[in-house]
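*Asks:* Can you keep this structure in mind? I'll have questions shortly.
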Ligand code: HXC
């Protein structure tokens with residue numbers, strides 16, 4: 001059937017206009033992007049989403065003008081937005097186009113993003129942001145600041161409503177960092193991405209410090225030092241693959257559970273290797289990673305922030321096909337003590353699990369909070385309190401397993417029964433006390449030891465006495481603080497059965513507008 005000439009012309013115009021937008025900043029700028037080892041904004045979307053699933057919206061948006069924007073072209077307004085699917089699940093995505101005015105954020109660019117954020121919230125789907133932007137569009141002045149406001153407002157409003165994931169795939173300067181910072185997860189590409197509030201030039205003029213982009217805010221800095229980012233990868237493809245992987249552990253929204261994943265790993269599998277990993281000698285550190293690998297389906301542990309605050313491990317895994325979040329002390333780093341960074345890392349992870357209905361398994365082997373003037377002066381009280389708060393607040397099923405030591409304040413911070421654990425297990429190797437036997441004996445029996453003819457003999461005797469009395473799991477079990485002391489080899493089976501038992505858990509809390517968690 002032949003259409004009228006008029007219709008054909010209208011269609012041709014639409015296609016021609018679409019082609020202009022799809023060309024972004026043009027072939028030369030796209031080549032520059034590729035030469036830098038990066039994908040273009042559209043290639044990123046195609047790599048991220050299931051093939052052919054992208055449904056673009058707001059293609060024909062144009063910039064909002066302003067005196068300095070006269071004659072300036074901004075195809076697609078510098079950002080590509082729409083929906084698509086990942087592993088068959090619907091998501092919304094925006095991809096900033098650095099080839100168009102450096103991916104800078106103008107008012108209408110922001111409105112495009114805000115529009116899909118609203119759709120994601122209304123339809124209960126994750127939002128994924130592919131960031132590559134020079135920040136506020138300088139030519140648009142206050143309009144571009146307002147644009148950021150629209151996005152930040154939604155980041156905060158939809159926090160805990162639908163998962164929000166940010167990939168940093170190029171520069172992220174000025175305001176461009178705060179939207180990712182308000183989302184649940186930040187993934188960075190090593191060598192080609194950086195995040196900072198003020199760049200090297202400004203820093204040099206103000207503080208005279210000289211620093212490169214990478215030294216200031218590269219992937220390594222934010223994954224190892226600042227704790228701003230959660231994961232780092234080599235190259236865009238690996239980051240996008242990381243997002244697809246991460247999504248497997250998250251639900252579509254706060255009303256749903258994360259998807260189950262059938263496993264060939266038997267729920268009844270005995271974990272006898274644990275007997276070789278964890279020895280009763282409390283001075284011999286062991287790899288908590290190995291404990292986790294032994295317990296979870298297929299040994300697969302998707303660690304979050306693996307390079308920062310390594311004295312605590314946080315991450316996702318499956319147990320009997322269901323997603324769990326794991327928080328575990330790491331005796332191999334700083335003897336697993338809790339410090340400021342570890343508290344921040346764990347608190348954030350616990351809250352992430354709680355808002356997305358992910359049950360929490362806590363593995364405890366901790367001597368306490370890290371002592372030191374620097375920690376006290378930097379506010380370990382405030383930071384440690386975040387962890388206490390997060391556990392108490394979390395209403396998802398919570399199982400605590402004490403593998404070896406659980407002492408003092410850290411006993412509480414690692415989700416003791418009183419802090420809201422639904423079930424507390426311990427291995428026969430466990431010891432629950434206010435502090436280790438040596439420290440305790442020195443304090444409690446100081447006078448006796450000092451007055452003794454042979455102080456060392458009395459000290460040793462008192463340490464042994466204290467160990468007998470407290471340094472074991474039976475005192476805490478006798479008082480009901482531990483619900484069961486379990487065979488190490490039967491741990492996987494029990495954890496799966498216990499999470500199943502807790503599946504229907506519901507908790508009523510007193511009315512409040514929202515809590516006032518320590519920050
Ligand atoms: C408009 C911008 C821009 C901006 C860069 N461009 N930054 N256009 N607004 N903020 C344009 C450039 O003119 C250039 O256009 C193109 O984008 C690519 O920029 P280059 O500098 O050539 O790229 P590169 O060498 O890779 O350097 C990237 C960069 C640098 C490091 C990001 O452009 C830069 O430092 N930009 C300024 C960053 C910044 O200060 N942003 C404002 C932050 S204030 P042509 O036409 O030549 O291709 C802010 C406040 C918000 O964001 C606060 C909210 C809380």
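Glycine is treated like the rest: Cβ placed from N, Cα and C.
Remember, predicted model here, so these are calculated numbers, not experimental data.
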*Asks:* Quick check on the annotations: TrEMBL lists region 'Disordered' for one of 209-229, 230-250, 251-271. Which range is it?
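*Replies:* In TrEMBL, the region 'Disordered' feature sits at 251-271.
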*Asks:* The compositional bias 'Polar residues' (262-271): which same-chain residues, six or more beyond its ends, come within Cβ distance under 8 Å?
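*Replies:* Residues packing against the compositional bias 'Polar residues' (262-271) from afar: 294-295, 297-298, 318, 320-321, 488-493, 496-497.
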*Asks:* Would you list the DSSP helix, strand and coil counts for the residues of the region 'Disordered' (251-271)?
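*Replies:* Going through the region 'Disordered' (251-271) residue by residue, I get 0 helix, 0 strand, 21 coil.
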*Asks:* Quick one: mean pLDDT on the domain 'CoA carboxyltransferase N-terminal' (7-262)?
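*Replies:* Overall, the domain 'CoA carboxyltransferase N-terminal' (7-262) comes to a mean pLDDT of 96.
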